[in-house]
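Lifted from TrEMBL, the feature list:
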type	residues	note
TRANSMEM	29-52	transmembrane segment
TRANSMEM	80-99	transmembrane segment
DOMAIN	114-323	domain 'TLC'
TRANSMEM	120-139	transmembrane segment
TRANSMEM	159-182	transmembrane segment
TRANSMEM	194-211	transmembrane segment
TRANSMEM	217-237	transmembrane segment
TRANSMEM	249-271	transmembrane segment
TRANSMEM	291-310	transmembrane segment
REGION	325-371	region 'Disordered'
COMPBIAS	329-344	compositional bias 'Basic residues'
Amino acid sequence: MGFRKKNKSPPVLSHEFVIQNHADMVSCLAMIILLGLMFEVTAKFAIMFITVQYNVTQVLDEKSEPVNLYQYGPKDVATVFFYLLIAVILHALIQEYILDKMNRRLHLSKTKHSKFNESGQLAAFYLFSFIWGCSILTAEDFATNPTFLWEGYPHTHMVFQVKFFYICQIAYWLHALPELYFQKVRKEDIPRQLYYICLYVVHITGAYVLNLHRLGLVLLVPHYLVELLFHASRLFYFSDENKQKGFTLWALLFVIARLLTLTLSVLTFGFGLPRTENQGFSLAEGNFNVLTVRMTCLAAICLTQAWMMWKFINFQLKKWREHSQNQASKKKTVSPKSKPHKREPARGGAANGVVKSEDKTSPRARKAKAS
């Protein structure tokens, strides 16, 4: 992690040196790009990295003021790269000043430590993205007009908030790839994380390039809410293993989110887009409303949802088996306590090895009588 003071400094440019100081190196690179704004020669190149490109001014009515809209283009790669650097820096800050301090208090094992860091980073990102996405959807007024998902396609123009949202989303998920190396993720966890990172990059970039940013935004917001609940529940579980109620609510919302995703996708690609006026394929106009593209997008979404449901079912079965095994082991180790029975007195008046006599005369009298 960056921003740490180490007692022993590793050799320069070694793996350990890069891992410990990667945030400082990235900060220097981002600072160089920002310093480029100070000089006229480099300012036009630095602006390409920092600001959102492809601004288009439109006048809707003669009386209304002009509106600034945005398109996408090749220069967006530079913008994504700069905000990828910012994501690496923020990742290191959250790890250093929040998660590491919590880990020291909890004293987690290595496996739980890795999962705790993963959930902490993702929970912060999902919370921020969910709030941001909700604010954009509120402005678009999607709740009262669901047909805006396909009306007027191709949606080549975006407001600033929508374009910047997609730039930040792509940058964050791309930054997660080098973080697998910087965070020393265990080898057995790398394939699992690579799967969902690549799925996010492909789906979000596809929605951005194919001018389906409206549908992509509507599908991302409920998905991020479900993922936020899962990782928040896992954080509470690591702090106290008795806190598992959040997983029940997550399981319910997970299924609802999958059904909502499939419903909106079928509605958009199966009924909405085929009925729009602009049919055809044109890279210049940004129109991809042909049967091949629609079916490919729908198939990709359906396969992803099926894969997620398969993983979800396996997770629930594994959890149920572990619970049943724990219950069985508890029954074996803790046997029912038997109630103590009262011991019956021995025949002839003997109890507890002592013979009781019914003769109440004194010992001297009994001795005299015996003699």
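Heads up, residue numbers simply count up from 1 along the chain you see.
For all residues, glycine too, the Cβ spot is worked out from N, Cα and C.
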For the transmembrane segment (217-237), out of 80-99, 120-139, 194-211, most C-beta pairs under 8 A are with 120-139
Within the domain 'TLC' (114-323) only, compute the mean pLDDT. 92
For the transmembrane segment (194-211), what are the same-chain contacts with Cβ under 8 Å, counting residues 6+ beyond its ends? 72, 153-156, 166, 169-170, 173-174, 176-177, 180, 217, 220, 286-288, 293, 297, 300-301, 304
May I ask which of the stretches 29-52, 159-182, 249-271 has the most CB pairs under 8 A with the transmembrane segment (291-310)? 249-271
Short question: which residues 6 or more past the ends of the transmembrane segment (249-271) have a Cβ under 8 Å from it? 146, 149-150, 215, 218-219, 222-223, 225-226, 229-230, 233, 294-295, 297-298, 301-302, 305, 308-309, 312, 316
